[in-house]
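Everything on this sheet refers to the single structure shown next.
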């Protein structure tokens, strides 16, 4: 490879898992760099669907080692629950192929309780629409230097003191909104302390040795660029760096060893929870995209908001992440649309100025109109198509326009849910 990074280019749920599954078949190491068990994707292999939230999907490959990196917030209960689920579906030796960086922070039941309390304090459209799994509060305690790292789980007195201090502070802050039993959590970790030792490693050293020895690494990005804490639609974002920078720092990668950065982009756009979404379609087209695309979350079951592809967002995403290629996913979902729209710019309604960049000011963004380009639909199934030249001319034109507009080649095109439903360019 030797090091390949897969990143979401929109608001998540682009279909990163499918490409990860394909590429991890050749990878020797598959790693997660940031996020927690809030992100989820399904991988279909050998007729079986596997759900991944916290664990890298390289666990499907019997010859691939897997690492949860230092930038991830690790929920220990979710870690073991996910391992059990994979074993129940027939995957063997998964416990021998997964490691956790000792520098990763621990996501606790306490953090989920804080998440619920914080959302309860917000009103109406001010709600972020989090998954409720405490990812934001986990990163908040990390940033405030009060967090608990994985290696501290094994220092019982230190762990309990830090946890009790956190619980007392949040109880003072939220009062009755903070529903949490610290003794119950302490009891659970007495059991986890016995189960975890064989899974914990020095994460930076593991990656350093892997890159120096020339092993093929596949890095699975979680969430997506537009949910990045610095570059996303703040404050309607997650609490970690979800782009290229987060992948590098979350795993201590040697950037000189990175060969490819793949941006995964859905052929239309979806978003979960609150926040701006300029191309959202609240009419028939949006409903049709949601139903045909089966747009509801693996982690939460929530229905996703749907709309047209926004190339302003995509160019902005490319500016931040410097992709070397695109994986265009779910092109087949557009099979039945007579007309397909794509956003190519925004327009200031007062001045008439055409805006070709994605602004930081969300209030200003809300005032802008969307400038669309319309494409003729192909209105024929493409799932069985295996080469680009065999695609309908209208579908080819759609793909070529994305390449020309962004200046980045499309290297993979998803044409269906199965692993084999992929065109390689």
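One is the number of the first residue shown, and numbering goes on along the chain from there.
Just so it is clear, glycine is given a Cβ too, placed from its N, Cα and C backbone atoms.
Swiss-Prot lists 13 with the feature active site, proton acceptor. As annotated by Swiss-Prot, active site, proton donor applies to 41, with the evidence given as sequence analysis. Sequence annotations record features per position, and here Swiss-Prot assigns IMP binding site to 13, 14, 15, 16, 38, 39, 40, 41, 131, 145, 223, 238, 302. Look at Swiss-Prot and you will find 13, 40 tagged as Mg(2+) binding site. Here Swiss-Prot flags 298, 299, 300, 301, 302, 303, 304 as substrate binding site, drawing on sequence analysis.
Shown here: features listed in Swiss-Prot, placed on the structure.
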residue	record	Cβ neighbours (10 Å)
13	active site, proton acceptor	28
15	IMP binding site	21
38	IMP binding site	30
40	IMP binding site	18
41	active site, proton donor	24
131	IMP binding site	23
223	IMP binding site	28
301	substrate binding site	7
302	IMP binding site	13
303	substrate binding site	13
Max CA-CA distance, Å, over listed IMP-binding residues 13, 14, 15, 16, 38, 39, 40, 41, 131, 145, 223, 238, 302: 34
Distant-in-sequence Cβ neighbours of residue 304 (substrate binding site), under 8 Å, six or more positions away: 13, 270, 271, 272, 290, 295, 296, 297
For residue 303 (substrate binding site): DSSP state (helix, strand, coil): strand
Residue from 15, 131, 223, 301, 303 whose C-alpha is spatially nearest that of residue 41 (active site, proton donor), among the binding-site residues: 15
